[in-house]
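As recorded in TrEMBL, the features of this protein are as follows:
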type     : residues                                                                            : note
BINDING  : SER7, HIS65, GLY141, PHE142, GLY143, GLY144, ASP174, GLY175, GLY176, GLY196, SER197 : substrate binding site
BINDING  : HIS32, ASP34, HIS65, ASP174                                                         : divalent metal cation binding site
ACT_SITE : ASP34                                                                               : active site, proton acceptor
ACT_SITE : ASP174                                                                              : active site, proton donor
Amino acid sequence: MIKVAPSILSADFANLQRDVQMAENAGADALHIDVMDGQFVPNLSFGMSTVADLRPVTSLMLDCHLMIMDPERFVGQFAKAGADLIGVHVESTRHIYHALQLIKDAGVKAEVVVNPGTPLSMISELLPLVDQVLIMTVNPGFGGQHFLDQMVAKIAALNELKQQHGYRFEIEVDGGINDQTVKACYDAGATVAVAGSYVYDSADPAQRIQDLKVATN
Ligand code: DX5
Ligand code: ZN
């Protein structure tokens, strides 16, 4: 059964606490927090103050996906705000190894993220260091996009490397996840699925969280 991390990007910001507590009560395993700077991706979202505000209202693991340039500038502040895991894009900094070291030094789980067009060879040196790898299954920036089927082979290739070397990292997928696409990801080796619009654009978001689990049972 896959772990589910609802993305608050598609939540109702006027009722964020309600939407987060719904996810927790429905059996979500983490909360996915999409941070965008309008530079790395063509959209803006929110920052560390949102993480700090959410920290006291949920015991869910806060999984912060930083879609920002030179994320090493901010990882300390996200850790202080209460992040449990911080994800940084390999494409977003000249010093990805250092960025991941900074995250670990802050006592937080470290994740490297790869865009659809980025080959796995770009992260091979980082695999012994990270707690989680996020394979983007859409181009980052917006919720509600279509799943890129080609990414299933990439997930399988990463899982192959993981097994070969005995790495322990989780494999997360993000973008276009629903009860159909989640199964292919899970079968290829994904262990955590992010879902935004599939959960929050539904009349019964709690059921949707369960549906993702049932689809991978
Ligand atoms: C996209 C974000 C995703 C987004 C996923 O840039 O990283 O986390 O919220 O949304 P859905 O599940 O609607 O594709
Ligand atoms: Zn995300």
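Every residue gets a Cβ built from N, Cα and C, even glycine.
Just so you know, TrEMBL annotations never went through curation; they're auto-generated.
Since we're looking at a predicted model, the values are computed, not measured.
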Round to the nearest Å and give the CA-to-CA distance linking GLY176 (substrate binding site) with ASP34 (divalent metal cation binding site).
15
Can you give me the Cα-Cα distance between ASP34 (divalent metal cation binding site) and ASP174 (substrate binding site) in Å, rounded to a whole number?
11
Identify all same-chain residues not among HIS32, ASP34, HIS65, ASP174 whose C-beta atom falls within 8 angstroms of the centroid of the divalent metal cation site's C-beta atoms; report them in sequence order.
ALA5, SER7, LEU9, ILE33, ASP63, GLY87, LEU134, VAL194, GLY196
Mind running the binding-site residues GLY141, GLY143, GLY176, SER197 against ligand 2 and keeping the ones whose CB falls under 6 Å of it?
none
For the binding-site residues GLY141, GLY143, GLY176, which one has its C-beta crowded by the most other C-beta atoms within 10 angstroms?
GLY176
Cα-Cα, whole number of Å: GLY141 (substrate binding site) versus HIS32 (divalent metal cation binding site)?
14
Please work out the number of neighbouring Cβ atoms within 10 Å of the Cβ of ASP174 (substrate binding site), leaving out its own Cβ.
26
Neighbour count (Cβ, 10 Å) for HIS32 (divalent metal cation binding site):
28
Widest Cα span across the substrate binders SER7, HIS65, GLY141, PHE142, GLY143, GLY144, ASP174, GLY175, GLY176, GLY196, SER197, in Å?
17
List the residues of the same chain that sit at least 6 positions away from HIS65 (divalent metal cation binding site) in sequence and have their Cβ under 8 Å from its Cβ, in sequence order, or write 'none'.
HIS32, ILE33, ASP34, VAL35, GLY87, GLU111, VAL113, LEU134, ASP174, VAL194
Out of SER7, SER197, which of the binding-site residues is least crowded by other Cβ atoms within 10 Å?
SER197
